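According to Swiss-Prot:
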BINDING   54, 56, 111, 130  Zn(2+) 1 binding site
BINDING   58, 59, 130, 170  Zn(2+) 2 binding site
């Protein structure tokens with residue numbers, strides 16, 4: 001299946017994603033229903049599934065309108081709320097075969113306690129919501145957020161094949177790289193990508209695979225990068241370094 005990406009240019013800098021082939025469509029975390037409906041109608045597709053990574057408002061606001069148009073579409077989510085009820089409740093390890101494609105579910109709490117991601121192995125794509133961003137990770141401001149769970153979830157993601165491409169829900173490239181450079185100012189990867197993306201529109205920013213993400217993401221590098229021991233000598237690599245970096249990023 002092909003993957004269509006839109007940038008909404010809103011205050012939260014949301015990306016929106018749709019997977020499609022000649023007949024079928026799958027929507028991920030719809031905020032604006034109209035962009036999906038227009039594309040689906042133009043290409044004469046059938047919306048088969050709506051996948052929800054977590055129940056924050058900017059990931060579910062468009063669900064109700066899409067279901068009013070596409071009566072046969074099924075919602076897949078870990079849990080629901082007042083705005084939507086899943087047709088299929090998913091959990092860690094759930095495998096869903098839609099016939100025209102399939103995906104596996106990973107439970108990755110931390111940003112919020114109901115967070116999952118969707119791994120499309122045939123497409124080599126991971127829709128990771130607000131857990132992993134380009135050069136960063138999700139925040140822990142929600143009531144059910146847990147920084148230690150976020151670390152464990154990140155470790156889980158890093159164990160996937162390196163050629164899989166993560167598709168995050170927001171464009172936070174520049175802010176994340178600026179933070180990383182505030183810790184490791186001379187790092188070649190951080191500087192290279194900062195220069196690469198500085199002049200690019202959000203629609204044109206690169207989609208890198210997990211192997212490359214591991215090099216440009218300071219939170220992944222917190223697991224093993226000895227350069228961080230020089231920058232933050234009071235903290236050991238792994239969970240302790242990750243927690244410290246996430247705390248510093250909160251106030252950056």
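Keep in mind that glycine also has a Cβ here, set from the backbone N, Cα and C atoms.
Feature map: annotations from Swiss-Prot on the structure.
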| residue | record | Cβ within 10 Å |
| --- | --- | --- |
| 54 | Zn(2+) 1 binding site | 26 |
| 56 | Zn(2+) 1 binding site | 21 |
| 58 | Zn(2+) 2 binding site | 18 |
| 59 | Zn(2+) 2 binding site | 24 |
| 111 | Zn(2+) 1 binding site | 27 |
| 130 | Zn(2+) 1 binding site | 26 |
| 170 | Zn(2+) 2 binding site | 21 |
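Close to the recorded Zn(2+) 1 site, the chain also has 53, 55, 59, 112, 115, 129, 131, 138, 142, 169: residues not among 54, 56, 111, 130 whose Cβ is within 8 Å of the site's Cβ mean position. In the three-state DSSP scheme, residue 170 (Zn(2+) 2 binding site) is classed as strand. Taking the centroid of the Cβ atoms of 58, 59, 130, 170 as the Zn(2+) 2 site, the other same-chain residues with Cβ within 8 Å of it are 12, 14, 29, 31, 53, 54, 56, 129, 169.
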